[in-house]
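For reference, the structure discussed in these notes is given below.
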Amino acid sequence: MKFEKIAFVATEMPEAEAARKALSRRYGDAKPEEADVIVALGGDGLMLQTMHQHMKRRIPIYGMNRGSVGFLMNEYRDDNLTERLAAAECATIHPLRMRASLADGSCHEALAINEVALFRETYQAAKIRISIDGKTRMEELVCDGVLVATPAGSTAYNLSAQGPIVPIDAALLALTPISAFRPRRWRGALLSHRAQLRFEILEAEKRPVSAVADHTEFRQVREVEVEEDGSIDMLMLFDPDHGLEERIITEQFLY
């Protein structure tokens, strides 16, 4: 695929900003809203931010690592960028849609590329009832929290919480507890990407819980619904032989 107009975005870190200026001089710099590809210079945080900002445009985004964490980024090189973009492999990502009902009666929605997570707000453990497709699957999970991760997000917080790594082309979501106290041996579940999840907060006034979709947080939630939004396609570009699928496989053999 050949791209005519490239837009460069970068973090405020000196290394990233210097790379943006150098690449802009060499390849030109279109406005993001006029470009047909965006090159993000930074770490995974910038990649997620850029994907959120342009989520509904279906514009391909190619990341190059000028940050600290670069799982979603390609290696930085200033040579042959147009050729790299033309040869890049594309991964299509669908976000999670979270609907949160709060203690004050209000309802809010947010989208997540990596995960939707529920956390206890105080020293009291959270108590959460979990339903899948309208059927209660766990009457009471006593925990620090619980999360739902996409395949793209399964190597992020989900992995740190001992959740499974999910291949990028698997039509699955990972449901993972965070420091489960009861049932102590429950390690979560793999669910169809079409699953509709509902989390009900038990003893909510005594045990307040917040809900976070990537970087969007709502506090004192009473109920949270989560499902994949298949109507939104996000396109990520990766160098051949170093695509997201390969990275996820490699991650499973690190020790």
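Glycine residues also receive a Cβ, built from the backbone N, Cα and C atoms like all the rest.
On its own chain, Asp44 (active site, proton acceptor) has Gly63, Gly67, Val69, Gly70, Phe71, Leu72, Met73, Ala156 as residues at least 6 apart in sequence with a Cβ closer than 8 Å to its own Cβ. Swiss-Prot lists Asp44 with the feature active site, proton acceptor.
A C-beta separation below 8 Å, combined with a sequence spacing of at least six in one chain, links Asn114 (NAD(+) binding site) to Leu48, Ala149, Thr150, Ala152, Gly153, Ala156, Tyr157, Asn158, Asp214. Annotation comment: Swiss-Prot describes Asp44, Gly45, Asn114, Glu115, Asp144, Ala152, Thr155, Ala156, Tyr157, Asn158, Leu159, Ser160 as NAD(+) binding site, evidence class sequence analysis.
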| query | Within 10 Å of the Cβ of Asp144 (NAD(+) binding site), how many other Cβ atoms are there? | reply | 15
| field | Chain-internal residues, separated by at least six, CB under 8 A from Thr155 (NAD(+) binding site) | value | Phe71, Ile165, Arg247, Ile248, Glu251
| request: Ten-angstrom check, please: count other Cβ atoms within 10 Å of the Cβ of Tyr157 (NAD(+) binding site), all chains counted. | output: 18
| said: Check the DSSP secondary structure of Tyr157 (NAD(+) binding site), expressed as helix, strand or coil. | reply: helix
